[in-house]
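Asks: After the structure tokens below, expect a handful of questions from me.
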Amino acid sequence: MVADAYGRPLKDLRIAVTPECNLDCFFCHMEGATESGPMRPGSWSPVLSVEDYDIIGEAASRLGVDSFKLTGGEPLIRGDVDKIVAVLARYGEVSMTTNGILLPLKASSLKRAGLARVNVSLHSISEEVYEKITRRRAVKLALKGVEAALKAGLRVKVNMVLLRGLNEGEFWRLLRLAEDLGFDLQVIEVHPAGRGRKVLSSFRRPIDVVEERLSSMAVAVETGRLHNRRVYRLPSGVRVYLVDPVENPVFCMGCYRVRLTWDGRLLPCIYWKGPYPSVAEALKRGGSREEKVWRVMKILLEANALRRPTYLFRLHDGQEPQAPSTGRGLRLTLPGKAKAERLAYSTLKAPLIEG
């Protein structure tokens, strides 16, 4: 296993397999790879093949990576996505983030290929609000996707990005649906990446709008394996994950991932602005499979060496998070006198859970 200069291990590879999407969400972060929106289906040709992903999976696993998340765009648009799942499943757990629209057609085959779980982006269950967010009237299709995934035996977590003035009141409706159908719920603040950078000030809604009531309902508070997410387990058994990345050093403390774009570049962070170590270039050079695996390992190590937390605690008082301009005078440890509410429950004491 390898770790970065701040002691954070590299355990997860987040892979965008396509920039295409059948929706057009106005806040899409596009995995940090571009500030423009997704491409239309049929307008892009794959850069990396199934064999390439097999080599990437083996190289990553040799370095200690044991988890792969497939994203896009919309990963289900890619026709060979089940084959990509199958090769990566040889090396670790494979999960996927999807809008769910195509899950009724593909959930069963993905389960057979080795997919363990899905995150379904469902920011509203109102047809009108869903269309305002995604620019398509497709909420019924997305809901059918959730049901298809559950029927196929996949673990399901629904992602809801809180948007001020649009869907704040819908969280509790989604929670009731989660309890009825048996999926978990993840509430996310808008990321200042991709399109989200331009709309952050207008639409960001801190998740404390739901957290206070959640905390009074919960039977247990846990910590997610990735990003130190706060997780509230409710009496029904449903877990609600909270994702609040903005100006949150605790979130950065729990980052164990590198991102692979659809064109074969590696991003040490969703907010990264370059340089971009290229897996695609390493694979183009040919050679035996073993030679390719070693070259990809080298590129992954280069990306790991570039990993830096976006937000850290200031050394002199240990209380106020800031984005560093240099690595001097900063630390990535919980401060002794932290007063931020997000630290009050103690990340270090809450039970650690997968997912």
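Placement of Cβ uses the backbone N, Cα and C atoms for every residue, glycine included.
Here Swiss-Prot flags Arg14, Lys69, Thr97, Lys157, Arg257, Val258, Arg259 as GTP binding site. Swiss-Prot lists Cys21, Cys25, Cys28 with the feature [4Fe-4S] cluster 1 binding site, giving sequence analysis as the kind of evidence. The S-adenosyl-L-methionine binding site annotation in Swiss-Prot covers Gly73, Ser121. Annotated [4Fe-4S] cluster 2 binding site per Swiss-Prot: Cys252, Cys255, Cys269, in sequence order. Feature annotation from Swiss-Prot assigns domain 'Radical SAM core' to 5-233.
Tell me about the setting of these features in this model.
Replies: Taking a C-beta cut-off of under 8 angstroms and a sequence separation of 6 or more, Arg259 (GTP binding site) has the following same-chain neighbours: Leu13, Arg14, Ile15, Ala16, Glu31, Gly32, Ala33, Leu266, Leu267, Pro268, Cys269, Ile270.
Other Cβ atoms within 10 Å of the Cβ of Cys21 ([4Fe-4S] cluster 1 binding site) number 23 in total over all chains. According to DSSP, Cys21 ([4Fe-4S] cluster 1 binding site) is assigned to coil rather than to any helix or strand.
Note on Gly73 (S-adenosyl-L-methionine binding site): other Cβ atoms within 10 Å of its Cβ, all shown chains, come to 27.
Cys252 ([4Fe-4S] cluster 2 binding site) falls within a helical segment according to DSSP. Around Cys252 ([4Fe-4S] cluster 2 binding site), taking its Cβ as the centre, 23 other Cβ atoms fall within 10 Å, counting all chains.
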Asks: Which has the fewest other Cβ atoms within 10 Å: Val258, Cys269, the binding-site residues listed?
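Replies: Result for the binding-site residues Val258, Cys269: minimum number of other Cβ atoms within 10 Å at Cys269.
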Asks: When you average the Cβ positions of Cys21, Cys25, Cys28 for the [4Fe-4S] cluster 1 site, which other residues in that chain have a Cβ within 8 Å of that mean position?
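Replies: Near the [4Fe-4S] cluster 1 site, beyond Cys21, Cys25, Cys28, sit Leu23, Asp24, Phe27, Met30, Gly37, Pro38, Gly73, Glu74, Asn99, Thr134, Arg195.
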Asks: Taking each of Lys69, Thr97, Cys252, Cys255 in turn, which of these binding-site residues have a Cα lying within 10 angstroms of the Cα of Cys25 ([4Fe-4S] cluster 1 binding site)?
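Replies: Cα filter at 10 Å returns nothing.
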Asks: Given Val258 (GTP binding site) and Cys252 ([4Fe-4S] cluster 2 binding site), what distance in Å do their CA atoms have, once rounded to a whole number?
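Replies: Distance between the two Cα atoms comes out at 13 Å.
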Asks: In sequence order, which residues at least six apart in the same chain have a CB under 8 Å from the CB of Lys69 (GTP binding site)?
Replies: Asp12, Leu13, Arg14, Ile15, Val94, Ser95, Met96, Thr97, Arg257
Asks: For the [4Fe-4S] cluster 2 site (Cys252, Cys255, Cys269), what does the 8 A shell look like? I mean other same-chain residues with CB within 8 A of the CB centroid.
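Replies: For the [4Fe-4S] cluster 2 site, the extra neighbours are Arg8, His227, Phe251, Ile270, Arg307, Arg308, Pro309, Thr310.
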